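The block underneath contains the structure these notes are about, expressed in structure tokens.
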Amino acid sequence: MIPDFALSCSEFESVGLTLSREQYEKLSIYAEFLVEYNEKVNLTAITEPMEILRKHFIDSILLTKYVDIPLNSTLIDVGTGAGFPSVPIKIYRPDIKITLLDSLNKRIDYLKQLCEKLEIDAEFIHGRAEDFSKKEEYREKFDFSCARAVANMALLSELCIPFVKQNGCFVAMKGPNEDISLGANAVEILGGLIEKEIEYKLFDEERKIVLVRKISQTPSKYPRNSSQIKKKTL
Ligand code: SAM
């Protein structure tokens, strides 16, 4: 369900990444299961082999090219959906310890089956980010939090920054059109600092990674509950 090994390798190479046979085999199993499961549970609108390769797998893995993730780091993927970006990252960088969080239990069920098939170790959380980051066992416990296609920068900051340890990073994967400065106030209130905006191309599409460094503790009143968050972003 993805292009053959030679073509997949050349797609990876064209964005400056390599691909091993073992990684390819796992991505193939991933794509096949994604498309099969998508027939009964809505996971993705992208089902064409080359699009899965480029827009899900390579897009996710590019995070490891632009962000320096030290060996054995912990990473929580907030609103992971069908596992993006963290499951392809885990296939590429098995040393990283991933936690998959999503508010939809059907997606968590699928992710558990997927990770079993891929023989991948992961922690699964079914719930809302704003509820779980208040719990002591998750609050300020991760080296990295990340999210792709979940919410605007201000809202996303409230969902993601509370999970990150001091000096850790929140990584937001964005398209070209969002004005990141609209999230700057939220980032600051939550203890972050926008360190870098990295612009790059995913084939012919513009992409952006926003790297937020956690420079101080998140005040205990954040995150607010979901109705307050929805009513007014910081
Ligand atoms: N990150 C995936 C990707 O890039 O394909 C999925 C993106 S999907 C558009 C957004 C996901 O975020 C959905 O699976 C949804 O259930 C989840 N989500 C939205 N708000 C959330 C919250 N507050 N806490 C946890 N999950 C949330």
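Cβ coordinates are placed from backbone N, Cα and C, and glycine is handled just like the others.
Please treat TrEMBL annotations as automatic predictions, because they have not gone through curation.
Taking the Cβ of G79 (S-adenosyl-L-methionine binding site) as reference, residues of its chain lying under 8 Å away and at least six apart in sequence are, in sequence order, L101, D102, S103, A129, A147, A149, V150, A151, L159. TrEMBL lists G79, F84, A129, E130, R148 with the feature S-adenosyl-L-methionine binding site.
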Helix, strand or coil: which one is R148 (S-adenosyl-L-methionine binding site) in, per DSSP?
strand
